[in-house]
Amino acid sequence: MDDKNTLLAVLQYLEKHNLKGTVDLLRKEANLGDETPSSQCPPSDSDVSSMLAAYKSEGDPEKYEEAYTDLKKFVEGALDIYKYELGMILYPVLVHMYLELLFNNHEDQAKRLMEKFGSDQEDYFQDDLKKLSHVCKKDHLNGNELTDTFTKNEFIIRMSRDTLSILKRHLAEKKHSVVQNIIQEHLYLDMYEGVARNKQQIDATSGAMIGEASRADNKARVYYGLLKEPDVSNAALEEEDEEEEGGDKPKKKKSKKDHLYPKKSKSDPNAPPVDRMPLPELKEAEIREKVKAMRDSLKRVNLGPETLPSVCFYTLLNANQSVTCAEISEDSSLLAVGFNDSFIKVWSLVPQKLRSMKSADQLSDIDREAEDVLARMMDDRSSEVCRTLLGHSGPVYRVAFSPDRQLLLSCSEDSSIRLWSLLTWSCVVCYKGHTYPVWDVRFSQHGYYFATGGHDKTARLWATDQHQPLRIFAGHYSDVDCVQFHPNSNYIATGSSDRTVRLWDCVTGNQVRLMTGHKGQVLCLCFSVEGRFLASAGADSRVLLWDLAHGHLLAELCGHTASVLSLAFSREGSVLVSGSTDCTLKIWDFTKLAEAIALEDVNISHNPDIKKDSNTFLLRTYATKNSPIVNLHFTRRNLLLAVGLYDSQS
């Protein structure tokens with residue numbers, strides 16, 4: 001509708017200047033037929049001029065500095081209750097004034113404006129302003145990623161009704177057309193009813209490249225509950241009976257069985273319908289693995305302030321400049337490491353060595369009906385402690401194991417994703433879809449699906465048996481640095497260099513949550529065990545906790561002094577661990593944090609208070625000896641495994 005009104009406004013402008021030939025051509029090309037500007041709600045002359053204002057100079061370039069100085073004085077002189085909300089318009093107005101001056105070839109005035117007021121802006125905007133200051137001629141505007149982002153998208157600012165009316169009154173009185181035009185064309189003031197926010201509340205959610213999330217961004221329903229677990233109790237009972245028949249075990253198993261399998265759990269009211277996202281059926285080997293996991297969970301230590309996890313730290317030596325990523329498999333038996341020189345190495349973390357499949361001739365002699373057919377297929381003579389996979393032609397940025405440990409995914413600077421068989425130790429598929437380096441790849445917890453994110457600003461959903469992506473999630477304004485599947489596999493979270501975290505629906509392809517608050521690129525994500533919360537961290541050294549039900553920021557955990565590269569929840573979800581390049585690992589009391597949040601009703605308020613008392617929730621800090629931490633993983637029994645690179649230089 002807006003596009004049509006724009007065309008009609010242009011027609012009105014052309015008719016006013018008697019350009020009949022152009023009017024006829026435009027009407028024909030736009031399929032407007034005999035519609036005239038007056039047949040719709042006719043745009044006034046002021047509408048037409050405001051549309052063209054973005055491309056028109058104010059005449060006197062000195063007016064820009066004068067108008068900005070006046071706006072700054074107005075904000076600083078406002079009452080404290082409104083001052084901080086009004087202050088949010090200063091940054092986008094400065095950026096658009098700078099771009100408009102460049103567009104109209106007033107380069108000296110643009111440079112002076114940026115030098116005079118750029119340093120007054122918030123710290124988290126300084127990087128973007130520095131990049132903008134390198135754009136110093138009109139020709140530089142074309143094809144520049146940052147200037148394109150600002151000119152094609154509105155900067156979103158949430159503002160109370162009272163603050164907005166004060167701003168409108170000021171603009172009407174002063175009649176600075178340059179400021180009015182910029183606010184009208186390039187800012188979206190998302191008004192809410194209620195008290196204006198204070199500085200702390202504004203700081204908590206500000207920092208993203210083009211402003212905050214609007215209320216409409218987080219209105220869609222999110223099915224954050226977990227899917228009902230498949231019933232594997234029969235398989236477990238059979239396995240236990242077999243063991244009892246062996247005579248080694250005492251017959252006191254009954255109580256444990258009753259403890260492990262009594263509950264026919266009710267389905268979670270917040271869980272998605274079972275058939276919403278087609279998931280693969282469990283194979284026999286996977287059922288056996290689930291039984292093993294359930295039996296391991298019986299021996300699991302429940303963590304908390306009194307029982308902190310033991311930590312087993314794997315240090316990679318002589319690898320600080322060459323290792324790019326590390327990943328431990330779900331059952332903690334394998335470690336994969338990606339290198340700068342395009343190699344991938346896989347180590348066994350258990351006594352069993354890594355075996356390869358027998359040759360085709362030998363496989364033909366095997367009895368396929370035998371119960372231990374999988375074991376017979378493997379060649380013991382080929383067993384090794386470490387295997388090397390080679391196929392990429394650039395640094396490997398991420399590796400990910402499939403839940404059944406038979407496959408490994410890797411992504412690289414060469415913009416491809418490779419799927420490796422851990423039975424034959426060879427590449428079986430090379431997926432090509434991204435046009436630039438791929439920064440992250442993750443398997444779904446249910447297998448079959450995987451997600452990627454890259455320098456082309458998109459995340460993609462793939463299936464292992466298809467060459468092309470099933471979904472392309474486009475909406476970020478910069479690199480997608482990390483991706484993570486929700487535990488129910490219906491959603492994918494993405495973190496980006498545009499300093500936002502987004503949640504995407506795998507079924508519809510829509511963005512269902514937009515979360516702002518990070519002051520640097522987002523480098524890692526982790527969902528809580530029950531699926532309601534999302535933890536994110538990155539280059540701003542902070543760990544943020546989000547409520548997926550409403551998209552609110554709940555807590556901000558500070559303490560690290562450098563980028564946080566890895567997050568992990570314990571298996572029962574009571575503690576959250578963060579690992580950083582500051583060579584420390586911090587353990588946070590998530591149970592206490594969740595209880596503190598539950599005391600308040602965060603659902604109603606548009607600006608809930610954020611928990612910032614990090615020391616209250618910090619249980620322990622472990623320091624390494626000059627080893628930045630790149631990966632964290634909890635075993636099924638809640639032993640914490642960490643991987644770091646020893647830095648001999650520091």
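Here, residue 1 is simply the first one shown, and the rest follow in order.
Glycine is treated like the rest: Cβ placed from N, Cα and C.
In TrEMBL, annotation is done automatically, which means it is predicted and not curated.
Quantities reported herein were computed from a predicted structural model and do not represent experimental measurements.
Taken straight from TrEMBL:
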COMPBIAS  237-246  compositional bias 'Acidic residues'
COMPBIAS  258-267  compositional bias 'Basic and acidic residues'
DOMAIN    58-187  domain 'TFIID subunit TAF5 NTD2'
REGION    234-280  region 'Disordered'
REPEAT    316-349  repeat 'WD'
REPEAT    389-422  repeat 'WD'
REPEAT    431-472  repeat 'WD'
REPEAT    473-514  repeat 'WD'
REPEAT    515-556  repeat 'WD'
REPEAT    557-589  repeat 'WD'
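Between the repeat 'WD' (431-472) and the repeat 'WD' (389-422) there are at least 3 Cβ pairs closer than 8 Å, counting only pairs 6 or more residues apart in sequence, which means the two stretches are in contact. If you look at the repeat 'WD' (389-422), the same-chain residues 6 or more away from its ends with a CB under 8 A from one of its CBs are 283, 285-286, 289, 324-327, 329-331, 333-334, 336-346, 354, 428-432, 434-443, 445-447, 450, 452, 454, 462, 464. Counting only same-chain residues 6+ beyond the ends of the repeat 'WD' (557-589), those with a CB under 8 A from a CB of the stretch are 297, 300, 302-305, 308-309, 311, 520, 523-530, 535-539, 541-545, 612, 614-615, 617-638, 640, 642, 644, 647.
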